[in-house]
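The block underneath contains the structure these notes are about, expressed in structure tokens.
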Amino acid sequence: MASSTPTATTLFRRLCWDGTVPIEVKIDSKELPAGSDRTLESFYIRAPRVSYLPLLIQEVKTFLFDLVLDEASAKDMKTDDWWFEAEGGALLKWHWPVGLLYDLHLVAHPAPDFQMKPFTIILHLASPPTDKLLFTPSIETCKQSFMGQLKEADFLRWGNTKRVTSLRKEDQDGLWEGIVEHNFDDFWRIASKIAPSPNPLAPPLTPNPSSPTLPAPSSRPASTQPPSGSDRDNAYSVRSVPVRIYLPDGPVIQDLVPPFLEDGLPHSLSLFLSAQLPLLFKPSPTSSLSPVDPNAPKSNLAFALIQGVIAPLDCEMAWLGACMSGADGWVNVCIGLEK
Amino acid sequence: MSGPSWQEELRQRLIDRNAKEAAYAGIIEQYRRLVQQTRLLKERNASLLRAVGSVRSNPNSSTVIVGAGGDDNPVRAAYIVSLESQISSLRDEMAAVYKTHGQNAQRLFSMTETLREKEELLRVEGDNLRKLTEEITHLRRKVDQHNELMSEKDRTAQVLHDEIATLQLELGQIEERNASLVKDNAVLLQRWLDAKQADANRMNEANEFYDQMRSRSDAIQEWRNRHVDGSDSASILSGNEDALAIPPQTRATDGKGSQPAGRLTLTPNG
Amino acid sequence: MEGAEALETYKKKDAAKVVVRFKAVGNAPIMKQNFYKITAANRFQAVIQFLRKELGWKTGDPLFTYINLAFSPAPDDTVANLYKSFATEGHLIVNYSTTAAWG
């Protein structure tokens, strides 16, 4: 348990972490070898949002080999050729977290009234489009990619990757193990050394977590944590918040996102989106910096989905970076069109 | 949960999301178990089928076992192997469940600990709050008292002001009267001095006159002594009687005034 | 559908180019030319492929690429995004190595 982290932050991290996606894996029946048992068409898994598709392969494989394929074709089957596609044809990347894949599917194919429905994905057994997937479904590659993302986020925040690289090898592996095992405590015990925390200084309404009457939790190792390292890890003193915008079936946008704007106000989701996507989000009433675009919409034509929930536009970016980021440290903002 | 409203909004939505996404959890878990069960039965079925096959291909052995209790029965053996593997996999599962249980117990423990800390904190905060509330009421009362005291003082001050004004007025009048008395006094004194001056003047005149008369009478006496002749004396005596009528008056004046007359120019100051 | 139109606008590829500067790390061979103008809309994967071609690398030969000697970007991230976030003095510095350096 990250005992040095304010309770509110831990609460949000826990809520985000606990998110799961019910997945229905359908096997493309055209690709099934002769002799397969076709009575069972779908396989259901409940996957953590922070997980990755390569981590699900083992379970799918057991199902497929034991119940669907006959022994001969099971022997020939290579999981390296497998790949997943969402219902509707979108390719599912190996190195994107399950939660992001699901959110992107939700914004591209919104269910009526956001009705809950398992995420149907189609398993193909052969001829993967490697030029688009870029990776093989290897768990090791997935881990490398995860570490790369973690470092990129670290670099964006602080201008170097010292926080990640100074972790011991066991801790670096422990992060990945935490994801594989979906163990919140194991993961965040290490991750809280990297992730910034929203400090009491910047958001005016957040109460000071270090009340003088609070007895120090006995479980905290006194030597490893500097007593007042709050500014060093403060989410509001980063250079840039690691944020990516995902458009439905479209490009991914990434830019520098300082926690404060030139006028000294905290950077909000509203300001960020209207600056990055001025055709979809109306200019924020508090933004005095940019001249109003004549093409700017009168009302928002789109909404922002973060961690599977519609985010209020007055969220502060730095806070999102600390409390609503994925396990890799990135805040993934999926854009969906308003009906 | 305190904080800006968007934080509260996000918190609520995340809770809703987790509830919604967990809606299928039970079904998926049951599905997983069904799959497991199916897999097991399928495997068992396969091995039993294989065993039956071997029995058929070797009819001699099957006749031998008949009635022998079936320890060597390959079908039974296959069944037992399958059951054993089921047992071992169930054991594995149980171990996993124990592990999860242990983890959950640990988590429960740490959460209870956190809860206890929070409750302690809450208690301290509650105490603080209570103390502060008490202090506030106490201070409020004090403020009220002070206010009352102040208004009381205001009233007293007002009364004193009034009194001062009255006294000032009185003082003015007294001063006025004093001034007029001083003036009166001066006039009276002047008149008294004037009167005294007049008395003194008169006494001086009388003394002078007495002295004159005396010296005249002495001269007459002397002259009479020289010309001893008694007849003359009567007429002179009568003249003396006139002269003698003056001394008592003079004496009375003398009694009031200080000492001998003679040289005096009397002033009131003496 | 205004929103859909707006989405289409954002899908259009940007033809702008940015300067990418390659720097060898360790005993990786040095390139004849260091600076290249690369279309910003390209994915980083295109940069990797370009680099492999320039170096004459065969498929399967190990090549590791890093930004600012710090991290390996996702190959599907665009050069534009990387340039916006990590450019130094107008260049996107790409380090390459034959061994995993900051893995």
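Note: Cβ is positioned from N, Cα and C throughout, glycine not excepted.
If you check TrEMBL, you get these features:
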- A:16-124: domain 'Autophagy protein ATG5 UblA' (DOMAIN)
- A:140-196: domain 'Autophagy protein ATG5 alpha-helical bundle region' (DOMAIN)
- A:199-215: compositional bias 'Pro residues' (COMPBIAS)
- A:199-235: region 'Disordered' (REGION)
- A:241-335: domain 'Autophagy protein ATG5 UblB' (DOMAIN)
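Applying DSSP to the domain 'Autophagy protein ATG5 UblB' (A:241-335) sorts its residues as follows: 15 helix, 23 strand, 57 coil. Shown for the domain 'Autophagy protein ATG5 alpha-helical bundle region' (A:140-196): DSSP residue counts in helix, strand and coil, namely 44 helix, 0 strand, 13 coil. Looking only at the domain 'Autophagy protein ATG5 alpha-helical bundle region' (A:140-196), the predicted model's pLDDT averages out at 93.
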